[in-house]
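Undergrad: After the C-alpha cells below, expect a handful of questions from me.
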Amino acid sequence: MASVKEGDYQALKEEIKKIMKQPGYDDGSAGPVLVRLAWHASGNFSLVEHNGGSNGAGMRFPPESVDPANAGLHYAISFLLPLQSANSWISHADLWTLAGVTAIEAMGGPQIPWEPGRLDYESEQAAVEHRGDVSNRLPDGALGAAHIRDVFGRMGFSDQEIVALSGAHNLGRCHADRSGFDGPWVVNPTRFSNQYFKLLLPGTRLMMLPTDMALIEDPSFRPWVEKYAADQNLFFKDFANAFGKLIELGVDRDDTGFARLAKKAAEEGKPLDKTAPPAGDETCPVSGAVGGGVQRAAGGGGCPFMAMQNREAKL
C-alpha cells in the first residue's frame, strides 16, 4: 500500500478508492462496508452522556470491537489497516471517516464535508476511561419508528435527517450471520442513488427491514421518503449534510482543530490545555487557509495538520 505525503488527503482518497476493489468480498466492493464503518464509529454518540462519536476509534478495542451491532466491520478495518500502517501520520479515526465519505463519492454519491483532527485512543484502558459505555446505541433493524427516533434523537437528528441517513441502505447488503437478515436492499448495492426510497414505496421490494418499513408507515417519516424518491438531487443534498453532521459527532475541536477529550472536558466544564495554534503566515495544506483562519464544522479553529507538527495525535 502506497505511502503518501503527510497531509495530502486527496492522494489518500485515491488510495482508498483502490482499496474499494475487493473481488472476493460482497459484490466485489469494500465501498459499502467502509461507509458502514464510518457510520458505526460515529453513530454511538450521546448528547446526554457527552460520549461516543467518531473521535478515538474506540472500535479497535473491547467492548466496541465485540459489540454484535458491529459484526462484520473487522473486514473494513482490515482493508484499511495496510493504508494506515503506510501512513501513520493519520489517525484511525480520521481514516475511517475519510474512507466512508470517499466511498460514498466513488460510488456516485454526493461530496460529504470532512475535516481532519480526530485522535486515537492508545489503549483499551484509555478508551474506557474517556469514552465510557457506548453499547446498545446503534439501530436494531428488527424494531420500529419509536426505536429509530430514540436512537437518532439521542444524537440530535430530526425526522428529516433520520430518513436521509436511512438512504445509506442503498448500499451493501444484510448478512444472516450478522443481523439475522439477508440480501441487498436494491438492485445495484454498490451504486449510491435514491433507488432505496423508490423501492420502499408500493412496488417491487428486494429486502426491507422493519426499520425500513417504519419509514413509510410513520406519518412524519413518509413525506420525506416520497420527496427523496422523486428528487435524487434533494436526497443527495440532505444526505451530505446529515452524514457530515454524523461523522462530526463527538469531535469537540479546540482552537487548533484537534478533537479534545470530549467527555472529560464536559465534566470539568473547561477546555483542556493544547499546543498553541500555528503561526499566522503558514498555509494549511488541507484547506488552503492561512494560519488559524480555517473554520470547522464543529467550531472555529486552526489547521489540524500544522498543529500535528507540534503534538502527538494520540489521546
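Cβ atoms are placed via backbone N, Cα and C, with glycine included.
Marked as site 'Transition state stabilizer' by Swiss-Prot: Arg36. Annotation comment: Swiss-Prot describes His40 as active site, proton acceptor, evidence class sequence analysis. The heme b binding site feature in Swiss-Prot is assigned to His169; the stated evidence is sequence analysis. According to Swiss-Prot, the active site, tryptophan radical intermediate annotation covers Trp185. Residues or ranges marked as region 'Disordered' by Swiss-Prot: 267-286.
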Undergrad: Do me a favour and check the Cα-Cα span between Arg36 (site 'Transition state stabilizer') and the residue listed as 'heme b binding site'; whole Å is fine.
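TA: Computed Cα spacing between Arg36 (site 'Transition state stabilizer') and the residue listed as 'heme b binding site' is 10 Å.
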Undergrad: Once the chains shown are all counted, how many other Cβ atoms turn up within 10 Å of the Cβ of the residue listed as 'heme b binding site'?
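TA: The residue listed as 'heme b binding site' is surrounded by 25 other Cβ atoms within 10 Å.
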Undergrad: Note down the number of other Cβ atoms within 10 Å of the Cβ of Arg36 (site 'Transition state stabilizer'), including every protein chain shown.
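TA: The Cβ of Arg36 (site 'Transition state stabilizer') has 21 Cβ neighbours within 10 Å.
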Undergrad: How big is the gap, in Å, between the Cα of His40 (active site, proton acceptor) and that of the residue listed as 'heme b binding site', rounded to a whole number?
TA: 13
Undergrad: Other than its own, how many Cβ atoms are within 10 Å of the Cβ belonging to the residue listed as 'active site, proton acceptor'?
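TA: The Cβ of the residue listed as 'active site, proton acceptor' has 23 Cβ neighbours within 10 Å.
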Undergrad: Using DSSP and three states only, what is His40 (active site, proton acceptor)?
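TA: It is helical.
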Undergrad: In DSSP terms, helix, strand or coil for the residue listed as 'heme b binding site'?
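TA: Where the residue listed as 'heme b binding site' sits, the three-state DSSP reduction gives helix.
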